[in-house]
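In what follows, a structure is listed as structure tokens, so that the remarks can point back to it.
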Amino acid sequence: MSSDLRILLIEDSEDDAELLLRELRKDGIRPGHVRVDSAPALREALREKSWDIVITDHNMPGFGSAEAIAIIKDTGLDLPVIIVSGSIGEDIAVAAMKDGANDYIMKHNLARLSPAIKRELRETRNREAHRRAQQTIEHLAYHDPLTGLVNRREFEARLHQALRTASEREQHALLYVDLDQFKIINDTCGHEAGDGMLRQLSVLLRTPIRDSDTLARLGGDEFGVLLSGCRLDEAQQVAGRIVDLVRDFRYVWRDKSFLIGASIGLVMLDDANLRASDVLRMADMACYAAKDRGRGRVHIYRADDQELLQRHNEMQWVGRLNQALEENRFRLYRQCITPLGPHGSSHCEILLRMLDERGELIPPGAFIPAAERYNLMPALDRWVLCNAFHWLARCRRQGAPLNSEMFFFNLSAATISDESFYAHVSHALQEHDLPPSMVGFEITETAAITNLGSALKFIEQVRQLGCRIALDDFGTGMSSFSYLRTIPADFIKIDGSFIRDMDEDAMNLAIVDAINRIGHVAGLKTIAEFVETQAIRERLVEVGVDFAQGYGIQRPIPLDAAQSMPPG
């Protein structure tokens, strides 16, 4: 051992202290040490420095080992204490060990001192390692290993405690924070990059909350904040601050830079009768309502909230949609996509309608949002593909004119994220003996970037097969043009919000012109949606858009009525 060892000597005799140190030096131990001989001096030494071991005489004038051990215990320090005495009986030694001494050594047998010190230091290290392991286990039981924040289990326990004290006079607040567009980082750079962002955000999110509040990672990219003793206006301020902090946060991973956002559901805790699970469900609903309103927003839960009632109504659609699938109560429609120039063939888009229990048609706007929210779109997309392919194959076998070169099918984000869907498409084309070149898939920007890695893989696979890709609702995203470099496509469908009044709105006309020009530079054909008047059609011709679709071209008609169709 070297001079790194720090010994606190409690000894009134300087000569006796030197004898101890000489014995240690004989064994190669040259410790740093301080000698004290009174209770005040001991307290000061313990306060001023840290020590590895204490060696104390048993009897000194006005001071003894029992008092020294008591003082050391009061500090809470795990310091081994060895008593070295010239005269100590066995009964006294046993009592000293019960008081907390680790060993006692007679002065005429100092050869035991070095082995005793080494043993006690080893035991101290073992105890410290055990304590740290225990602390780690306890920490992991209540904290998220990635961010170090409180985990969901502990958060729910604290929420339960807060609800026990909740009343109109003592309010608390729960913020349910969900990151917007976080999946893009995982898909483009991998989970290591995503984990790095979550760690940085966990530090950032602590900024606007008090030490008495609780910040937790609830799972994935979701965080919870429990604000104790907090009014609604104060909770809104904290939530708004979090939204601003996340919006202004720029995450850099290697050569890439990302901006994300946060949507927050806010629930006031002012009713002790609420359950923690109910509050979390309310907050989750409010958070999704914030996303529906455009992301980067805060939505406050209220029992009479119309938006949340709408979400509840959407949940009722789940049973109706599943029943309609079982009873085959869906119908296919088509709408023509016509060329605006002298050259080019017509295409069409396959559309879905639902029949209610009385046989009345239900438009897609009524059931598609619920199907998307509750992950029923993959089943609907497969139903559309299966039935449309069956119809196309029958037309080809019986020689019925299709009057369209290509048939476009809408795909949801969930469908293109399904690893098995490409195999389903490939098998269906072979089964129905359909050329892939007559099939196109429409994918919205939002669907593509929701799971960019899966989308790119699917697009590459079906294009190699011979199918075409159209980017739908193009222009609605903040980064539409930049994604043209990333997402390989054959067509872009200019969003109808720019088309409807482009003959009267100069800004929309300029946007359509810009999208059309950039699309052509990228080698893509352009399709204008929602073409409803002849005036708009003429403007599109002037701009140079390739195709038009909308009620001004053709209203959707049943698939079987699209052309003369032989029975069968």
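Yeah, the Cβs are placed from backbone N, Cα and C, and that goes for glycine too.
TrEMBL entries are annotated by machine, without manual review.
As given in TrEMBL:
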DOMAIN    6-122  domain 'Response regulatory'
DOMAIN    170-303  domain 'GGDEF'
DOMAIN    314-568  domain 'EAL'
MOD_RES   ASP57  4-aspartylphosphate
Summary of DSSP states over the domain 'Response regulatory' (6-122), given as helix, strand and coil counts: 60 helix, 27 strand, 30 coil
Model confidence over the domain 'GGDEF' (170-303) (mean pLDDT, whole number): 92
Counts by DSSP class (helix H/G/I, strand E/B, coil) across the domain 'GGDEF' (170-303): 55 helix, 41 strand, 38 coil
